[in-house]
Amino acid sequence: MAMAVFKAPLKGEFHGARKMEGKQYKHHLLQQQSTGRRRVFVQTDTGCVLGVELDRNDNVHTVKKRLQIAFNFPTEESSLTFGDMVLKNDLSAVRNDSPLLLKRNLMHRSSSTPCLSPTGNDLQRKDRSGPIEILSHSPCFLSLKQTANDIVKAMKMGVEPIPVNGGLGGAYYFRDEKGQSVAIVKPTDEEPFAPNNPKGFVGKALGQPGLKPSVRVGETGFREVAAYLLDYDHFANVPPTALVKITHSVFNVNDGMDGNKSREKKKLVSSKIASFQKFVPHDFDASDHGTSSFPVASVHRIGILDIRILNTDRHGGNLLVKKLDDGGVGRFGQVELIPIDHGLCLPETLEDPYFEWIHWPQASIPFSEEELDYIQSLDPVKDCEMLRRELPMIREACLRVLVLCTVFLKEAAVFGLCLAEIGEMMTREFRAGEEEPSELEMLCIEAKRLTTEQDVLSPKSDGEGETEFQFDIDYNELDSVYGSETETDEFFAKNPFSNGRSSLGELKESIAEEEEDDEEEAKLTLSLSKLSTSMKNNLSNTMGSGYLKPPKDNQTDKALVSHKSANVQLPLSVNFVKLADMKEVEWVVFLERFQELLYSAFAERKTMTLRNTQRLGTSCKF
């Protein structure tokens, strides 16, 4: 099987930005670099936000000092972080419009020290920005600038936002002068388990493992933006989305988080970092109606995006449906699908995705030529470059997941697999209530074994292969949730996870394990030929516990009744494969071995499909 060659990216700037706008953006970047002046947004791990103007002379100490003055926030035992990087003193790596996180060091997180939110004249004196500030000057977000302007005008006229009742996190409909919803805003500090969650799901600081351990609290916002940026030419119809700093009194601040015992007497103005998504009028969502009338092309396009970004939460509630015509009496007319809620995509490790479309008949229809051309035009390397440029806080671990899943998609499409087959290979199975690795994860396990084997047979010369991505910031927090080594041979050898839920405290106590002898590991290593689907049946006795998916919208009300903290509610999620522990040289070799293994895996999957002549969708006509 020929290796997929990464072709040039799609013609033109993403989302059809005009060339002149792109030139203006580059000129803006050059001007910022020459003057050294930048505007950044510093957020504490309790949710307080301050816009800060930097010049060449500023450093980490001066930024902390400003935060201390503005919020009465203790900064002695804290770290200023920028994505994967812990900033020591130099701020030269920090880009204009970047959000930074000031977090207390692990040993000091138990003492919850609130920050005092500036209000009224204090807020105006310490941060002179407007009510809504988009955290980028990229032409990708031009359409949202007008939306933001419309909202600001409405705010001045007294038009108030409307809190969204559904969901586990805080969200707000912001309206224009006519009172019509034009954007939905989700503050990062109101996510599930974040400090200011308005629905009782609290217990964690920003930057700690969240609803899914591989997606940290406060980091779903930039994932929403990443999904929009990766949806080139609006192929999957993701609504325009940006990160913003937004100020309003409607936002929730839990008691103690802003230094006030009660906010009932006077609603205080709060500044938040939030995702800002254009509101799309629609008639219902996919869970409200049968899916058989959904366009094949729309299902395929959304599925292609979900596979690329390893969406772990694609259910009917986050697929909006807009009717294009009535279809006549007794008929269902044409519809348009709008995918939303991408905050649980691009996890830091391979997770079990959730693709509700996987059993829809449309997913079993072969890709069209247009879809195949689109897939083959995707370039994961350039995707990563673009995301680093537009979302400099994104973690390298997330980008590795993007690269791996895009390579898998491209090779599978070339081989002739349909959307359902690709999705099934990425999805884990449960046997007797126990979770097994997906076929994709098994391929990764074997590719890592071959990479390690090549490393042993071809030792590096001194000084070679020293380059390594920055995964230094609190990656041990993810390890403490998953277990420091829960993959490959070691997992099969000695990790029979218990069934049921476990709190974070219990998980941390269960990760202390000794390493196996090399001889034992060699005996337990499984070759690819043994990792077939039939072999998986024999492995179920050694696999881990089941994984509980986030509740759908129609399950929200029951979930909200408990009001339990994160330590009680987080289930144990098994991690079979970790990509971030490889050095850059190892990562390149791993991808080569991974691609070499794909042909036989795809051939076996195709054989299985041909055996199943009664497969769902073969008799459907569209």
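Quick reminder: no glycine exception, Cβ is built from N, Cα and C everywhere.
Since the structure is predicted, the reported quantities are computational estimates derived from the model, not experimental observations.
Feature annotations, courtesy of Swiss-Prot:
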- N165, G166, G167, L168, G169, G170, A171, K186, Q277, K278, F279, V280, D341: ATP binding site (BINDING)
- 38-95: domain 'Ubiquitin-like' (DOMAIN)
- 158-459: domain 'PI3K/PI4K catalytic' (DOMAIN)
- S565: phosphoserine (MOD_RES)
- 164-170: region 'G-loop' (REGION)
- 310-318: region 'Catalytic loop' (REGION)
- 339-365: region 'Activation loop' (REGION)
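Taking the features listed in Swiss-Prot, we show where each one sits on the structure.
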{"residue": "N165", "record": "ATP binding site", "CB count, 10 Å": "10"}
{"residue": "G167", "record": "ATP binding site", "CB count, 10 Å": "19"}
{"residue": "G169", "record": "ATP binding site", "CB count, 10 Å": "22"}
{"residue": "A171", "record": "ATP binding site", "CB count, 10 Å": "23"}
{"residue": "Q277", "record": "ATP binding site", "CB count, 10 Å": "25"}
{"residue": "F279", "record": "ATP binding site", "CB count, 10 Å": "18"}
{"residue": "D341", "record": "ATP binding site", "CB count, 10 Å": "23"}
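The ATP site in the record is lined by N165, G166, G167, L168, G169, G170, A171, K186, Q277, K278, F279, V280, D341, and its two most distant CA atoms lie 21 Å apart. Mapped onto three states, the DSSP output places Q277 (ATP binding site) in strand. Break the region 'Catalytic loop' (310-318) down by DSSP state and the numbers are 3 helix, 1 strand, 5 coil. For the region 'G-loop' (164-170), the DSSP counts in helix, strand and coil order read 0 helix, 0 strand, 7 coil. Across the region 'Activation loop' (339-365), DSSP classifies residues as 8 helix, 2 strand, 17 coil. A171 (ATP binding site) carries neither a helix nor a strand DSSP state and counts as coil.
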